[in-house]
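Per TrEMBL, the feature domain 'ABC3 transporter permease C-terminal' maps to A:61-179. Residues or ranges marked as transmembrane segment in TrEMBL: A:57-82, A:103-123, A:129-148, A:160-179, A:199-221, A:233-257, A:290-310, A:518-540, A:570-593, A:605-630.
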Amino acid sequence: MRMMSLALMNFKNSFRNYLSLVISLSFTILIFFNFQNIIYSDGLAVLGAKNKEYTETVVQVISFVLVCFMFFFIWYSTNVFLTKRKKEIGIYVFMGLSNQKIGRLYAIETALTGVSALIFGIFSGVLTAGLFQMILFALSDIAVEISFQFRIKPVFITSGVYLAVYFIFVLKGYINIVRSSVLSMLLGTKQNEYVKQNVAILFVKAMAGTVVLGTGFYLAVRESGNGVNIMGNLFLAVVFVVIGVYLLFGGLIPFVFQGLAKNKAFLYGKERCLWVNSVVFRMKKNYRTYAMACILILCSVSALATGFAMKNRYENVKIFESVYTFQVLSSWPDLGEEVRGIIGENTEITYSAEIPIIALKEDTVAANENFGTYALVAYSDLKKLAENVGLAFDFQEPEQGQVVRASHLSLLSLITDSSHISVTIGGKVYQQTEEITVPYMGYLQDKVSFYVVNDEEFKDLVPLGQKLYTYNYRMEDLNVFETVREELRRFREDVISDYYMGIVSMDPSKDTLEWIKISYSLCIFMFMVFILASGSIMFMKLYNDSFEEKERFLVLRKIGMSHKVLQKSIAAELGAAYGLPFAVMAVSSYFSVHALELMMKADLRIINVVSVLTVSGIFLLCYILSVLTYQRNVGVSENSLL
Amino acid sequence: MKNKVVEVKNLVKNYGAKDVQTKALKGIDLVIYQNDFIAVMGPSGSGKTTLLNILSTIDKPSLGAVILDERDITRISNKELSKLRRDKIGFIFQDYNLLDTMTLEDNIALPLSLNGVSAKECMERTKELGSLFGLTDHLKKYPYQLSGGQKQRGAACRALITNPEIIFADEPTGALDSKSGRELLDCLKRINEEGRATILMVTHDSFSASYAKDVYILSDGMIKCRISRGAERKEFYDRIIDVQTSMGGDFLCE
């Protein structure tokens, strides 16, 4: 009991010191709670069972990522806490306390910190849950009445997960203290006095890092046909990039800085002697933090790109889905009347159109970007279809050796000039003169790449694939959708057994894609969470460092270094601390976003640029805050005498 | 006629509020000429550190003036003070105060390189001072790889590299063993005799003080006496011991 009151007293006395830890832990809890709360709230029910299920899966996946993040975050913050406290509580050795007792004292204090963070986190989580959902559904463009609800289950899950993770690290700290020597406890923070690292080891790490990261980048952007391969590559790429980034910060970057510190002609200019040496010193201790921040912002950029890719897909699919209710694909040329008859018996047909296409064999087409399946349509056929359906049609007939690409909508395409793109069909090179995104072919156009050729060419190219006929209908009365679909299926089975016939039906009553909209909003949240997390990790790390640097700056001021010089040196050093992870992320994000582009077949370059700019803005803000607090903490303010 | 480097006029320093004031310095007058080597001795609480802090611009006096470089340094702005500290004053501290993040070479070159002097000159000066203080083989090492004596000699090099008008040394041998202490004092004496440095050293150790040319004994915030060296250091040391003995435990002058 006396131990408990001592721990309580310590906790109360130095609560201000723990505040940053408590706040950052509660923030993690708040985010996790809010995500869990979505699953158990009524909000999702309005989306229907299927959507709820998908959204829950997405939320669970995100929650898993958050648990991983929580794990590392708690690991990191308890570590900082342990080093800070070790020296202080080490003094108890002189009072005759055993390591076990000191360990217990530490464990109680840390547990108190953890529990206060939990209470604070859950409390603010419950308060913000409504707001979080409101923003989420507003972003997703879904109208839902949000009322204040309190569900106990997410509280239990959040507390359970958090306490389990937290307990591991309290135990780790306890074991660490029990096994510590008296000396190491008293030295506390002064353990890492070795500045330089072995150049040979650094070189090996640098080489390995470059190779691993390069391999990761290569795997991310390698175009290897089918989706399974891309997913496999992507998984490997993620593993390689994570290891590569760690090796880069643990090897190449210190290697370069140690090289710079050796080059005195460079070092003795401006304030470099101060900050370059400081970066070398700090890099050894902080490289894991920098690597973690770098990976987190990379995740953040990827999350945003994923969100936009999903939104893009959603919108595309929506637009292309809504053109026709039924699309029948068959090798039988005269199916039109019969299909029309089946639909016409049940409802009016708003519009309909028939058009022959050539489904090209896979090996006959070589385009500079791989779009999957290719098909050809004749210019005048398409023109007729557009007239029937009432879609705009304002491009010229391609000449011999020219094609017009009819593609699905791509998000903010950067390709404004498509005139230099060529495509090889059956060994002949065709110049692409234009790219159009009018959904002439409806849903099929989202799945298949259509090239419009002139009528003559169309006839000549028939041998390169299979000639199919498409019959497209939009019904007036959507209530009979099910009946019509059934009849069409029966027709396929009974009548057309000798021919190929495919039916694409768009069920208007089922909005099975609402979950994509929520996923999109969740991705934006993840983007913000990851940025804030990496920003706050960097800020916290540098905030802690500034206290360690206090003595060093006092010496510098004593020997007459002006505030201006020291401020410049701090600005340069922290610039490196923020700039390096940012630069590595900016380069890596190109590859990660490109990998997403490949996987989701969307143009995400603008998103890449926008997200990198957003990160740079937030990092700049954190940087300025860090510089100001650092200067204050080390006492480089104009008001002090020294 | 020797040049005045520092002139201290009626220096008073009081601590605390008006009703409970502690007088640390009670009117000190002192002139330091170029190429002087002065040791200030005194028991604890005599005001040594306060005097040094004020002289080295780290603290401000309650009354009086300190003239350095023809300016009263107790009345100039912080910005000018920084410049003064950087250009005119060198510091040697008891606990070396080398930066553990950089090599000895970088530590020595630091003040010069931050002053905007060319890298080439920084390197040349560092090498020269390093060899003068017997540190040539240790320049590439980090402070944690050096002995106390080597660190303190390094700190002396750092103090000297900008060719300051005066060096303030605060118990420079306080943390050293007698051999390392002697080596450092020999170095300081040599550069002083070569006319390269004016030194004011605060010490409580008579042996260290005997390396100086003049010893001022401070007691109760005032200068109680001044002893000047003759030809022999040994004889000077004996005289300091005599004065100390005659003054008794609390250093009172006869």
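Placement of Cβ uses the backbone N, Cα and C atoms for every residue, glycine included.
Automatic prediction, not curation, is the source of TrEMBL annotations.
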Non-local residues, at least 6 beyond the ends, that sit with Cβ under 8 Å of the transmembrane segment (A:570-593): 213, 216-217, 220-221, 237, 241, 245, 248-249, 253, 271-272, 274-275, 278-279, 282, 286, 290-291, 293-294, 297-298, 301-302, 305, 534, 538, 542, 604-605, 607-608, 611-612, 615-616, 619, 622-623, 626-627, 630-631, 634, 636
Of A:103-123, A:129-148, A:160-179, A:290-310, A:605-630, whichever stretch has the most CB pairs under 8 A to the transmembrane segment (A:518-540): A:290-310
Other parts of the chain folded back onto the transmembrane segment (A:605-630), taken as Cβ under 8 Å at six or more residues beyond its ends: 297, 300-301, 304-305, 308-309, 411-412, 414, 527, 531-532, 535-536, 538-539, 542-543, 545-546, 549, 570-571, 574-575, 577-578, 582, 585-586, 589-590, 593, 597
Close approaches to the transmembrane segment (A:103-123) from elsewhere in its chain (Cβ under 8 angstroms; 6 or more beyond its ends): 3-4, 6-8, 10-11, 18, 21-23, 25-30, 33, 78, 81-82, 85, 89, 92, 97, 155, 158-159, 162-163, 166, 169-171, 173-175, 177-178
